[in-house]
Amino acid sequence: LMNEDIRIHSWPCSYYLDTSKQWVSGRLSLTPVAIKFTADKTGELLVNFHLSSVSEIKKESSNLIFSSLTILERNTKHWFSSLQPNRNVVFNILEHFWREQLLSSQGAGAEAAALESTKGKELTGLLTGSQKRLEDTAKVLHYQGEQFDNIMRGLNKIEGDMDVADRLLTELESPSWWPFSSKLWKAPLESKPKETATVSDSKNQEGIIIRIPVIITHRTDSNVKPGKLTLFASGLEISDCNSQVIHRFESKEVDDIRVHTPYEISVRQRFIGKPDTSYRLLSAKMPEAIPILEMQFSKKIQFLEDALGFVGARKSPQVDLGTSIWQAATGLLGGVVQPSSPVGGREGMDNDQVQLQKQEKVSQEEAEELKQILKKLKGLALETEAELERQDEALDSIATSVDRATLTIDKQNRRIKKLT
């Protein structure tokens with residue numbers, strides 16, 4: 001599970017302490033599930049409440065002097081002022097995580113639900129996540145397959161054009177009394193640009209892999225604004241709340257992606273002689289997008305120190321998708337569907353051990369659900385394997401066609417030189 005104590009952001013500010021009727025300087029902190037305030041002088045934690053208990057976040061003024069941020073938690077109103085870098089930044093980020101917490105299916109009872117979760121539910125969640133990742137992989141592979149098909153069509157077109165060029169060169173090399181040499185040279189070349197314009201553009205037809213709400217910072221600007229991040233098989237797109245595109249990165253344009261925390265990344269394209277194009281993106285849903293980014297940009301993605309724990313926690317239960325999940329799932333299913341004697345077969349098992357064994361059993365309904373997910377996983381794995389084999393064959397064909405085209409072009413160049 002994600003570490004709920006991870007600090008997403010913290011800001012220097014002042015907090016109005018009602019008991020002493022004075023402003024206290026300190027730091028306002030946000031975790032995935034809570035808001036906290038720690039006093040600078042004493043180090044005391046003066047505020048600590050769950051996001052699900054918040055009913056309102058507002059920008060207000062206190063005593064007509066301070067521009068403040070208020071958070072209504074149950075029946076208590078908390079006042080924060082002198083926020084750095086500015087009130088809007090803090091407001092946008094807090095409101096984003098608060099709204100996503102409200103929309104989340106986990107809600108306020110997330111911790112209680114996690115404690116009550118059975119082994120079957122845990123495994124179902126793990127396999128469902130794996131199924132989602134396989135489906136995402138299949139989308140990327142499908143798009144790559146379409147690109148290979150386009151390349152093959154382009155190469156076939158080139159080969160056709162070279163056949164025409166061969167025929168024309170033969171005509172030009174024929175005796176001077178042959179009447180059609182000059183006419184045949186021009187006609188096909190004039191129609192060539194029209195033919196190349198028919199190459200299909202699949203970009204407009206490609207599907208969306210995932211779209212999440214984000215808080216956007218451009219370069220080193222202090223202001224932030226809400227928007228959306230959309231991941232395609234061919235790249236990623238950043239847009240505002242009205243779905244107006246702010247910037248689209250094609251895969252080849254992305255120079256690096258840095259994962260600062262499980263909730264914050266930065267995407268950059270470098271330029272020589274002018275500023276880099278860089279965006280910093282923060283989202284409560286970012287943990288869902290990072291595995292897809294890691295798959296698409298494996299050589300360009302970098303996990304910084306605060307994100308390394310997240311990587312380890314995410315990868316440790318399923319180091320190898322093809323072995324550990326399958327072994328765990330099939331082994332557990334085997335024990336449920338066809339129960340055997342207790343492991344070890346000891347008669348002197350104490351009550352705690354018996355209770356633990358009962359807790360770790362999977363219900364019949366969960367077993368059926370797991371079998372269905374496993375069936376889908378197997379089908380997806382076979383489809384992915386078949387698509388990879390097809391793409392391998394396509395790459396071999398492309399390499400052969402390119403070699404053949406290169407040789408033909410070299411020969412034609414030599415023939416043209418002789419003619420000139």
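The backbone N, Cα and C atoms fix where each Cβ goes, and this holds for glycine too.
Where the annotation comes from TrEMBL, it is an automatic prediction and has not been curated.
Per TrEMBL, the stretch carrying the note coiled coil among 122-160, 239-277, 356-394 is 356-394. DSSP places the residues of the domain 'T-SNARE coiled-coil homology' (357-419) in helix, strand and coil in these numbers: 59 helix, 0 strand, 4 coil.
When pLDDT values are averaged over the domain 'T-SNARE coiled-coil homology' (357-419), the model yields 75.
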